[in-house]
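Asker: Structure in structure tokens, see below.
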Amino acid sequence: MSKVSNGGGDSKNTLYCSFCGKSQHEVRKLIAGPTVFICDECVELCMDIIREENKSSMVKSREGVPTPQEIMAVLDDYVIGQKDAKRVLSVAVHNHYKRLAHQSKNSDIELAKSNILLVGPTGCGKTYLAQTLARIIDVPFIMADATTLTEAGYVGEDVENIILKLLQAADYNVERAQRGIVYIDEVDKISRKSDNPSITRDVSGEGVQQALLKIMEGTVASVPPQGGRKHPQQEFLQVDTTNILFICGGAFAGLDRIISARGEKTSIGFGATVKSVDERRIGEVFKELEPEDLLKFGLIPEFVGRLPVIATLEDLDVDALVQILTEPKNALVKQYQRLFDMENVELVFHDDALRAIANKAVEHKTGARGLRSIMEKILLDTMFELPTLEGVREVVISGDVVDGSARPLYIYAERQDEKGNVSA
């Protein structure tokens with residue numbers, strides 16, 4: 001390439017695009033590299049090629065929607081129990097992304113979106129199910145807490161911030177964000193406070209339900225490119241929420257009494273006794289859930305109508321919690337064993353220890369969510385001491401350790417010396 005001369009018509013000193021061969025006088029801009037030049041027209045052509053490749057790869061991914069059986073199989077690897085809920089979710093998610101894969105094809109029938117409502121007690125796996133689903137489909141996924149949401153204009157988190165978080169999870173790729181999954185937790189906390197009209201505005205209850213209606217049904221949300229507050233001179237990213245799958249979850253405390261009253265199966269007093277004595281009764285009652293029960297609970301009809309797929313989850317009993325501790329691919333016991341393995345120490349749990357941990361979670365009514373905190377409390381002293389101890393090859397946790405009546409058993413490599421097993 002030659003330099004531009006001061007003289008007017010010397011073609012030897014004119015710069016040319018290294019790709020298309022056009023001179024600097026035939027294009028608007030010529031960008032110089034270390035040894036090459038590229039014009040603005042070639043840059044635009046390259047961008048068009050990249051966009052087409054992105055579209056074609058997206059079409060391929062849409063056609064590769066896993067079957068309900070495949071989704072269920074992966075859920076079984078990570079989530080223990082909840083067979084009915086997993087079947088409902090597998091079919092709903094498969095149909096949703098199958099709908100996206102074929103919506104561009106000519107069809108007289110428009111397939112509506114089916115958002116999902118998960119109803120189940122605390123710690124039964126609602127959030128974990130949604131997270132696992134997003135991992136299976138490989139789409140952007142975010143969690144939002146309904147208790148922090150308020151109507152636009154009030155102190156609190158705006159509903160449109162949900163879309164902003166999803167866009168951030170997709171690295172500001174609008175196309176990917178528009179096919180993502182949003183999980184809204186604690187949705188039962190935005191129920192209408194009472195059936196009676198009030199002179200004060202319910203900005204965190206019914207008002208939030210009204211605000212969520214638009215984005216759940218499908219609207220074009222204007223989101224600031226890098227977050228922050230909106231102002232008139234700012235350019236916005238337009239995100240269409242029509243194809244975003246919304247999954248709402250909540251414990252719905254007290255909903256079982258509404259369902260029981262509708263069925264006239266028990267008296268109010270007897271129903272309360274059953275709830276306190278037999279926790280599994282709650283999960284069984286939830287199986288009889290009807291939309292009218294959600295209306296009585298405090299959800300508005302329009303909001304319930306946006307959640308046509310309802311999956312109910314059961315309480316986790318001791319046996320299920322023991323399975324959760326040991327069987328999934330990322331089970332808690334396996335996680336702590338991996339931590340101890342980094343210190344070249346084998347961590348062993350006796351069967352009675354696992355059942356004692358599960359019993360504590362049932363007593364505390366925290367479900368699977370409380371298992372980690374119980375494990376942390378049991379292993380805290382051991383994890384504190386272990387890095388400074390020499391020769392320990394095995395740590396054994398028994399049921400007495402969980403109950404607090406004994407310390408973990410330390411087995412040393414050279415001498416079969418034991419530290420622990422001493423009354424606390």
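Heads up, the Cβ atoms here are built off N, Cα and C, so glycines get one too.
Small disclaimer: the values here were computed from a predicted structure and weren't measured.
Pulled from Swiss-Prot, these are the listed features:
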- 5-58: domain 'ClpX-type ZB' (DOMAIN)
- Cys17, Cys20, Cys39, Cys42: Zn(2+) binding site (BINDING)
- Pro121, Thr122, Gly123, Cys124, Gly125, Lys126, Thr127, Tyr128: ATP binding site (BINDING)
Asker: If we check Cα distances from Cys20 (Zn(2+) binding site), which of the binding-site residues Thr122, Gly123, Cys124, Thr127 wins as closest?
Answerer: Thr127
Asker: How many neighbouring Cβ atoms, not counting its own, are there within 10 Å of the Cβ of Cys17 (Zn(2+) binding site)?
Answerer: 21
Asker: Suppose the ATP site is Pro121, Thr122, Gly123, Cys124, Gly125, Lys126, Thr127, Tyr128. Which further residues of the same chain have a Cβ inside 8 angstroms of that site's Cβ centroid?
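Answerer: These residues sit around the ATP site: Gly120, Gly249, Ala251, Leu313, Gly367, Ala368, Arg369.
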Asker: Could you tally the C-beta atoms, other than its own, that fall within 10 angstroms of the C-beta of Gly125 (ATP binding site)?
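Answerer: Excluding its own Cβ, Gly125 (ATP binding site) sees 28 Cβ atoms within 10 Å.
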Asker: Taking the Cβ of Cys42 (Zn(2+) binding site) as the centre, how many other Cβ atoms fall within a 10 Å radius?
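Answerer: I count 18 other Cβ atoms within 10 Å of it.
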Asker: Give me the Cα-Cα distance between Cys124 (ATP binding site) and Cys39 (Zn(2+) binding site), rounded to a whole Å.
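Answerer: Cys39 (Zn(2+) binding site) has its Cα 59 Å from the Cα of Cys124 (ATP binding site).
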Asker: Specify the secondary structure state of Cys39 (Zn(2+) binding site) as given by DSSP, simplified to three classes.
Answerer: strand
Asker: Could you state the CA-to-CA distance between Cys39 (Zn(2+) binding site) and Tyr128 (ATP binding site) to the nearest Å?
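Answerer: Roughly 51 Å, rounded to the nearest whole number.
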Asker: Cys42 (Zn(2+) binding site) to Thr122 (ATP binding site): how many Å between their Cα atoms?
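Answerer: If we compare the Cα positions of Cys42 (Zn(2+) binding site) and Thr122 (ATP binding site), the gap is 57 Å.
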Asker: Are there any residues in the same chain, six or more apart in sequence, whose C-beta is under 8 angstroms from the C-beta of Tyr128 (ATP binding site), and if so which?
Answerer: Tyr78, Val79, Ala368
Asker: Provide the three-state secondary structure of Lys126 (ATP binding site) computed with DSSP.
Answerer: helix
